[in-house]
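A quick write-up on the structure given underneath.
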Amino acid sequence: RPPASSRPNRRIVPTHRTSHRKSYDYASPFPLVGRNQHQLQRPPLAAGPAGTRAGMANASSISRSLRRSLAPDALHRLLLQRSRAFVTAECHRPVVLHKRGPDILHDPWFNRGTAFSMTERDRLGLRGLLPPSVVSSQQQIDRFMGDLKRLEQNARDGPSDTYQLAKWRILNRLHDRNETMYYKVLIDNIEEYAPIVYTPTVGAVCQNYSGLFRRPRGMYFSAEDRGEMMSMVYNWPADQVDMIVVTDGSRILGLGDLGVQGIGIAIGKLDLYVAAAGINPQRVLPVMIDVGTNNEKLLKDPLYLGLQEHRLEGEEYVEIIDEFMEAVFSRWPNVIVQFEDFQSKWAFRLLQRYRKTYRMFNDDVQGTAGVAIAGLLGAVRAQGRPMIDFPKQKIVVAGAGSAGIGVVNAASRTMARMLGNNEVAFESARSQFWIVDAHGLITEERVDIDPDARPFARRKSELTHQGLNEGASLIEVVKKVKPDVILGLSAVGGLFSKEVLEALKDSSSSRPAIFAMSNPTKNAECTPEEAFSIIGEKVVFSSGSPFDDVDLGDGKIGHSNQGNNMYLFPGIGLGTLLSGARIVSDGMLQAAAER
Ligand SMILES: NC(=O)C1=CN([C@@H]2O[C@H](COP(=O)(O)OP(=O)(O)OC[C@H]3O[C@@H](n4cnc5c(N)ncnc54)[C@H](O)[C@@H]3O)[C@@H](O)[C@H]2O)C=CC1
Ligand SMILES: CC(=O)C(=O)O
Ligand SMILES: [Mg+2]
């Protein structure tokens, strides 16, 4: 290792192979960081204070008699001059670096983080281990200072948000230092810290990721990496990877397109794989596929760490995902890939494209459905009815995206199975669902109906009988249908308004159920306080992000349950891994939900 005085400015030369070492002698015109850039980034030089290594080295380079004969300020000037000459000379000598890839990123002597140039990333085995954007050291400092200052400001959710982010940061730092200890803390306190490493705090983390970014975790594949992915996967240090959670950042929780910052959700989900399913932390890999972002704010943000261009679409997009899948399965043929928070149009298409070939599943479509079915069956039991009554439940679903349609698809199949698994059973099961999206009730009269929603569009004949029309509002639907359950996967906070909840009082169920499943907390369709205060203690309540139970007085508690795919995906991954299943089938998810 070089002397302390010269560390930050040394040029970095990979010498992991002897052949490289030979060719990189000091005289060679080494094409590393451009020399100019290197000099521009050099901090001002000064003699180290007496007593430090740098100071001692320089002081001892002046003879004792000269030191005695000089006035203190003259001696100081001379020291300064000599130390400059020394450091400047040192700066021009390349560092002989015996490390590659993550080892460099974890070494504070050599790590430059996002300031590593693309050529350095290629030479040092770092490609894919950092977000794609290359920033200057000044930008790195700006990001750090912004983050430091943010602690003093109120973030999106008010003061408590800042506090949660601070907790996340402390946990994250522990993860950087000692992963075993991190997971022990998480496992022993899972109820307390799941809301920090996962929803809701992970939402704020993703929103602020470019500011919070310190050390990269996971891999980044960008549109610029086309044709390189097969070799890039070998930059990951683990020979065995069991679980990958991949996102393209296009729909992070209910927060929309967060681009490269969505990596936070993949990290959070994998934390739960380790803490809840006992997957070896050395065998998990969070992945971000950066194909740009359509978030105008991020496109203009100088600190944004992803590609600052609009999202790729169409075949170009699919080719990138194809290349990624081929690359990871070629290096780790037994890996399981969980797709997470892809916007709905791609969630369904990619699931259909890969599900029969690769060990993969889509958590938002399939994991959410499994958890919702488990909750719906629990609600039947809470009504004191036998499970076989499930196909009689009337369910209104607000939201027809990947999650809403995923739930309706899978829940109707569960009903149909209970009814005999034939065509009549499917038709009967279908008619138990009313889907309302941003344009109201979806019926077969809907123009440009989404093909995934079409099978569940209400038939014209049913509409007259029910007194409903195409596009009917959620309130109208709840009033007319008197559902047993209203289930929100709309990402619209407060959608289950006072009027909707009042209408639910007329439910035909003895214990109507409300599943306000949208995340994070602010996007919940209603709070448990609202539900219990309007409908009363008989309501069964569950939400995507955790809420406290409600004190109903007289020693009664209104239980606030959590309905989140986190109760399912770790088990799906673990089960697939242990069973050696070649694909993740619908049957596996149904079985998991029923268990
Ligand atoms: N609790 C859980 O385990 C999970 C929760 N989610 C949450 O579900 C939400 C939606 O996710 P995606 O389906 O992927 O999103 P998406 O954006 O594809 O779908 C949202 C749907 O809500 C509809 N919508 C918008 N405004 C509406 C309104 N006023 N009334 C009724 N419907 C309205 C839209 O038309 C669209 O169909 C997100 O907030 C996400 O966090 C998603 C997966 C799992
Ligand atoms: C929980 C989850 O997967 C989501 O909100 O997208
Ligand atoms: Mg999700």
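Using the three backbone atoms N, Cα and C, a Cβ is placed for every residue, glycine included.
What you are looking at is a predicted structure, and each value in this text was computed from that prediction instead of being measured.
Look at TrEMBL and you will find 1-31 tagged as region 'Disordered'.
Residues or ranges marked as active site, proton donor in TrEMBL: TYR198. Counting Cβ atoms from all protein chains shown, TYR198 (active site, proton donor) has 27 others lying within 10 Å of its own Cβ.
For the recorded site, LYS269 (active site, proton acceptor), the DSSP three-state label reads helix. Summarising the environment of LYS269 (active site, proton acceptor), the number of other Cβ atoms within 10 Å of its Cβ, over all protein chains shown, is 27. The active site, proton acceptor annotation in TrEMBL covers LYS269.
Of all Cβ atoms in the shown protein chains, 26 besides its own fall within 10 Å of the Cβ of ASP364 (divalent metal cation binding site). According to TrEMBL, the divalent metal cation binding site annotation covers GLU340, ASP341, ASP364.
Residues or ranges marked as domain 'Malic enzyme NAD-binding' in TrEMBL: 365-595.
When the recorded positions TYR198, GLU340, ASP341, ASP364 are screened for a C-alpha within 10 angstroms of the C-alpha of LYS269 (active site, proton acceptor), the residues that qualify, in sequence order, are TYR198, GLU340. Sequence-distant neighbours of ASP341 (divalent metal cation binding site) (same chain, six or more apart, CB under 8 Å from its CB) are THR247, GLY249, SER250, ARG251, ILE252, LEU253, GLY262, ILE265, ASP364, listed in sequence order. Secondary structure at ASP364 (divalent metal cation binding site), as computed by DSSP, is helix. Sequence-distant contacts of GLU340 (divalent metal cation binding site), defined by Cβ-Cβ distance under 8 angstroms and a gap of at least six in the same chain, are VAL245, VAL246, THR247, ILE265, ALA266, LYS269, ASN362, ASP363, ASP364. In this structure, the recorded positions that sit close to ligand 1, with a C-beta under 6 angstroms from any of its atoms, are ASP364, chosen from TYR198, LYS269, GLU340, ASP341, ASP364. In this structure, GLU340 (divalent metal cation binding site) belongs to neither helix nor strand by DSSP; it is coil. Classification of TYR198 (active site, proton donor) by DSSP places it in coil, neither helical nor stranded.
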